[in-house]
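Visitor: This structure is in structure tokens; I'll ask about it shortly.
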Amino acid sequence: MSGTGLFLTFEGIDGSGKSTQARLLAETLRAAGHDVVLTREPGGSPGAEEIRRLVLEGDPDRWSAETEILLFTAARRDHLERTIEPALAAGRVVICDRFADSTRMYQGLSRGDLRQLVDQLHALMIGREPDLTLLVDMDPETGLSRAKGRQGSEERFEDFGPELQQRMRAGFLDLAREYAHRFRIIDGNRDMDSVAADVTEIVLTHLNRTR
């Protein structure tokens, strides 16, 4: 960890409820007296939000897979410099809805086997992993149904369909095994409050152990 801060990320397929759980966790930790920054990727800083609009809206085929990975990495670098690292240096808890693990999955798998390229760019330009990653594991069909029910123009990932959702879920579970020291898997196929209770218990245990 940088300074005394804690860097937490939420990951999962679209429709898994991770964004809701990130928000609920932020509210719970703030109520307990923690100084929390709730952020997201792509985005989380003015420059990164501009890149978000480029990659999530409009025709995805206007970028090659390699160009898209560069855009996501550029957004993450700006987010890291302007939001995440200053907050961690100040001792704050940073909760991020998606981080590099999502790029490893969506760009690394969905547009060809580019995982090695994603990891090389990450090592060169980002150089850090979260302290704790909460994977909200969800049945892919249920997640896709939820995601399709959302309104808005950022439909990029939801357009991938059920087959890719299955691959993404399997890929996230593989990542959880690869980075077992920082991943915690949470069953997202339950009501929101039950999931939130598990999230809170895991995070408070981690905070108590590291502070």
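From the backbone N, Cα and C atoms, a Cβ is placed for every residue, glycine too.
Pulled these features from Swiss-Prot for this protein:
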- Gly12, Ile13, Asp14, Gly15, Ser16, Gly17, Lys18, Ser19: ATP binding site (BINDING)
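Looking at the shown structure, what environment does each listed feature sit in?
Guide: With a 10 A radius on its CB, Ser16 (ATP binding site) counts 29 other CB atoms from all the protein chains.
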Visitor: Check each residue in the chain of Gly17 (ATP binding site) that is at least six apart in sequence and keep those whose C-beta is under 8 Å from its C-beta; list them in sequence order.
Guide: Val136, Met138, Arg146, Gly188, Met192, Val195
Visitor: Sort out for me which one of Gly12, Ile13, Asp14, Gly15, Lys18 has the most neighbouring CB atoms within 10 A, since those are the binding-site residues we care about.
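Guide: Neighbour-count leader: Ile13.
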Visitor: Could you find out if DSSP has Ser19 (ATP binding site) as helix, strand or coil?
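Guide: Once the DSSP labels are grouped into three classes, Ser19 (ATP binding site) ends up as helix.
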Visitor: In DSSP terms, helix, strand or coil for Gly12 (ATP binding site)?
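Guide: Where Gly12 (ATP binding site) sits, the three-state DSSP reduction gives coil.
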